[in-house]
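TrEMBL lists 23-304 with the feature domain 'Sugar phosphate transporter'. Residues or ranges marked as transmembrane segment in TrEMBL: 16-34, 46-68, 80-101, 107-135, 142-159, 165-189, 201-220, 232-252, 259-281, 287-304.
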Amino acid sequence: MADRNRIRSFLKDEHVTYASILLYITLSSGQIFFNKWVLSSKEINFPYPLGLTLLHMSFSSVLCFLLTKVFKVMKVEEGMTLDIYVTSVIPIGAMFAMTLWLGNTAYLYITVAFSQMLKAIMPVAVFILGVCVGLEIMSCKMLLIMSVISFGVLVSSYGELNINWIGVVYQMGGIVSEALRLILMEILVKRKGIKLNPLSLMYYMSPCSAICLFIPWIFLEKSKMETWNFHVLVLSLNSLCTFALNLSVFLVISQTSALTIRIAGVVKDWLVVLVSALLFAETKLTIINLFGYAIAIAGVAAYNNHKPKNGEKITLVSQSPTNSDKKPGGPL
């Protein structure tokens with residue numbers, strides 16, 4: 001009887017684990033397509049990436065406050081001080097805001113598939129910055145892995161039929177901002193010893209990111225949006241899905257490990273690239289595209305396999321509404 005109960009418990013845990021991973025992949029992929037549709041579709045016609053990102057962060061701030069302070073469904077971890085908030089959370093929030101803003105803007109110029117291919121260069125940016133600040137150590141193996149990823153991204157870019165360099169610049173800017181954010185998170189954890197779960201991170205960071213976005217929004221998009229007919233239901237649903245995505249990251253991490261969510265991210269990336277070719281007429285995948293991306297993903301897989309062996313925690317499993325391979329929130 002005891003063995004039978006253990007087997008049932010094991011199967012139940014397995015089902016929860018697989019369900020949480022499937023939920024994460026579905027929400028992460030779906031949110032990318034949802035954002036692309038909101039920003040560029042003729043039906044919604046909301047070409048305001050800064051405004052959309054500001055809405056996401058404001059919505060997240062309000063929901064985090066309601067869940068933790070009003071309904072008290074979840075608890076915010078203690079230990080945050082004014083000094084840590086000013087010196088760490090604000091810079092991290094600013095970089096997160098920049099990442100989402102630039103990533104969403106890129107969707108106005110390049111396809112979803114090509115955007116995902118460019119994001120494969122993320123480990124290279126993080127590694128280079130990590131070496132510069134002393135968080136990473138240069139080695140022949142890591143140099144080889146970074147070279148493979150870079151070569152794959154270059155090949156996939158060469159195979160892009162309708163490349164728009166403005167979109168590439170925006171996307172690369174978002175990648176650099178995200179890399180800076182991850183480095184700042186490493187410093188927050190390793191040098192200041194602060195550990196926050198994803199909800200606590202969202203609670204502290206979302207208001208800061210919203211303020212950082214609000215200032216440029218006033219000058220760049222506010223006047224344009226005053227004449228726009230708001231689709232309240234669509235934008236509210238879009239923001240809710242973004243928040244649900246963040247919580248799904250928390251669920252996956254609590255049920256699995258950092259390596260599992262990295263692998264799930266790779267599966268999601270391929271899924272987004274292939275499905276986008278079916279959903280968007282503008283997406284034209286070539287053999288060179290796919291060959292280069294396969295090389296880059298192989299490098300990313302080697303990087304993901306190498307990192308846990310070095311005993312490193314995943315500092316921020318980020319996903320933003322735009323960058324689903326970057327999950328906002330993770331075990332610190």
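Glycine is no exception: its Cβ is also placed from the backbone N, Cα and C atoms.
Across the candidate stretches 46-68, 107-135, 201-220, 287-304, the maximum count of CB pairs under 8 A to the transmembrane segment (165-189) is reached by 107-135.
Highest Cβ contact count with the transmembrane segment (287-304) among the listed stretches 46-68, 107-135, 142-159, 232-252, 259-281 falls to 142-159 (criterion: pairs under 8 Å).
On the 0 to 100 pLDDT scale, the domain 'Sugar phosphate transporter' (23-304) averages 88 in the predicted structure. Taking every listed stretch (107-135, 142-159, 201-220, 232-252) in turn, the largest tally of C-beta pairs under 8 A with the transmembrane segment (16-34) is reached by 232-252. Long-range contacts of the transmembrane segment (142-159) within the same chain, counting only residues at least 6 positions beyond its ends with a Cβ under 8 Å from a Cβ of the stretch, are 114, 117-118, 120-121, 123-124, 127-128, 136, 168, 286-300, 302-303, 306.
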